[in-house]
Amino acid sequence: MNSMDTNDGGTQPRGFAADIATDLKAGRAVELAEIYALDAVSDDERAAIDSYISTAPEAERTAFNERVRQARETLALAFTAEEEPPAGLLERTLSQLPVQPSAQTPAQLPEATPSEAAAPAGLPASGDELAAARQKREERRRPSAVRNWLLAAAAAIVLAVGGVGIGGYVASQNDPVTQILQAQDVREATVGVTGGGTATVAISESKDAVVVRMKDVPPPPAGKVYQMWLIPQDGSAPESQGLMDAQTLSQPAVVKGIARAASLGVTVEPVGGSARPTSPTVASAPLHS
């Protein structure tokens with residue numbers, strides 16, 4: 001769970017602003033993915049998020065869409081899984097959520113008596129009715145940040161029941177692909193692939209790694225695979241960084257240890273790969289600007 005910041009004597013998840021527009025301007029769209037996936041946003045907020053994501057850098061857009069996908073898949077599993085969630089899971093999740101400030105907690109509304117509920121229109125309002133009206137006005141004035149707190153809490157609870165929970169959120173943040181795509185210094189480059197399609201590399205110097213994503217690239221010929229290589233800056237022999245076959249071609253690949261490499265190359269090699277490239281590169285992307 002994200003660490004908490006103290007604000008006006010209370011706690012709210014760090015990262016949520018008073019409104020979603022502010023979060024988007026601050027570049028926190030990825031943090032809104034779960035409440036977006038849960039449909040816990042208004043139509044206007046959803047439109048604002050869609051508009052932002054449609055023009056966001058590809059790395060940020062990919063990270064957002066991946067978290068939305070994971071959240072929705074988790075919800076789908078929650079409603080189809082036959083196993084019951086572990087006893088006490090919901091209580092443990094609730095106990096890990098910050099306590100909402102009492103000053104922001106809605107006052108308990110008095111229950112209307114049958115006579116009050118049936119009071120004819122046009123009669124003077126009773127004290128209870130005036131109190132209820134004031135309460136409604138206060139609720140409308142309640143900062144949207146509190147609403148966002150509630151939405152975040154709801155998202156955490158639903159995802160916990162679905163089998164992800166707080167631990168799953170942390171695991172997602174620790175995923176190498178996510179870490180690279182969300183790095184402050186990440187930058188992207190897209191190059192063509194011989195035979196069709198493109199290869200996009202998301203490069204992070206601080207993570208000393210790159211995420212490689214193929215798009216519209218045809219499967220390798222029968223008996224062949226794509227093999228990735230780091231081409232060292234000192235001119236020494238290329239270093240193998242893994243294989244891509246027809247099944248893994250659509251999945252992002254992480255290549256680490258790019259500090260000493262000048263570029264990333266891809267060749268077509270026999271199944272099982274080669275110790276050294278045996279064919280010309282079909283794609284090559286520089287790793288340093």
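Every residue gets a Cβ built from N, Cα and C, even glycine.
Note that the structure is predicted; figures quoted are calculated from it, not measured.
Noted in TrEMBL for the protein shown:
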COMPBIAS  110-121  compositional bias 'Low complexity'
DOMAIN    30-76  domain 'Anti-sigma-K factor RskA N-terminal'
DOMAIN    150-281  domain 'Anti-sigma K factor RskA C-terminal'
REGION    99-142  region 'Disordered'
REGION    269-289  region 'Disordered'
TRANSMEM  149-171  transmembrane segment
(message) For a three-state summary based on DSSP, what are the helix, strand and coil counts in the region 'Disordered' (269-289)?
(response) 0 helix, 8 strand, 13 coil
(message) On average, what pLDDT score does this prediction assign to the domain 'Anti-sigma K factor RskA C-terminal' (150-281)?
(response) 85
(request) Mind tallying the domain 'Anti-sigma-K factor RskA N-terminal' (30-76) by DSSP state, helix then strand then coil? (result) 40 helix, 0 strand, 7 coil
